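Below: the structure, in structure tokens.
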Amino acid sequence: MFSKEVARTVVGIIGNVIALILFLSPVPTFYRIWKKRSVEQYSPVPYLATFINCGLWVLYGLPLVHPHSTLVVTINGTGFVIEILYLSLFLIFSDSKKRLRLVVIVVAECIFVAALALLVLTLVHTTKLRSAIIGSICMVGNIMMYASPLAVMAPNGMGTVLGLAQLILYATFYKSTKRIMAERKGQSEVDLAQKDLNKNAHIDGVV
């Protein structure tokens, strides 16, 4: 029988392998960027989200925050370096406007992680509470990382939703609108016929 600690280590190693595959999955994209010397329409948002997420988990895995978290530190440290390489390629092959925006966001993320580390390590004096605080923020970082690809598909997705809404509204009100138009047309014809009758009656009266 495996001990609890051994089982935890085995599961952790398997998780690290899966995470490494996830971190390396954009390699074909960046090979294309390197080959074409342009980021084209690719968005840096997923890599910025993963960058700060890995930084937060490295902070979480430090002995002063959550002792005995070597696997957490190693895989997220690796992911942090990989994301630096990805973002470096974005910097190299982006235009000046995108490059400036990317630098500002990366600097802001680094300042945030550094400030969080300084505040928690200075003001919180137990590893249990430090783990709870930084771990909660890491969970938010995880959500940001996995939701970040939606930033790429959101405009198309929103367009699809609005287009579907238009079709639903059209299908819902098409028959009633057609009936109202027919009634208005019939009423206008009746009114026109009535005007003709009144006009003829007036002429007959004059004669």
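Placed from the backbone N, Cα and C atoms, the Cβ positions cover glycine too.
TrEMBL lists 6-24 (among others) with the feature transmembrane segment.
Counting same-chain residues at least six beyond the ends of the transmembrane segment (45-65), those with a Cβ under 8 angstroms from any Cβ of the stretch are 23, 26, 71-73, 76-77, 79-80, 83-84, 86-87, 90, 102, 105-106, 109-110, 112-113, 116-117, 120-121, 127, 130-131, 134-135, 137-138, 141-142, 144-145, 147-149, 151-152. What TrEMBL records for 45-65 (among others) is transmembrane segment.
Proximity of distant same-chain residues to the transmembrane segment (71-93), defined by a Cβ-Cβ separation under 8 Å and at least 6 residues beyond the stretch ends, is recorded for 9, 12-13, 15-16, 19-20, 23-24, 26, 30, 33-34, 37-39, 42, 44, 47-48, 50-51, 53-55, 57-58, 60-62, 99, 102-103, 106. TrEMBL lists 71-93 (among others) with the feature transmembrane segment.
Annotated transmembrane segment per TrEMBL: 100-123 (among others), in sequence order. Sequence-distant contacts of the transmembrane segment (100-123) (same chain, at least 6 residues past either end, Cβ-Cβ under 8 Å): 44, 48, 51-52, 55-56, 59, 64-65, 87, 90-91, 94, 130, 133-134, 137.
Look at TrEMBL and you will find 143-171 (among others) tagged as transmembrane segment.
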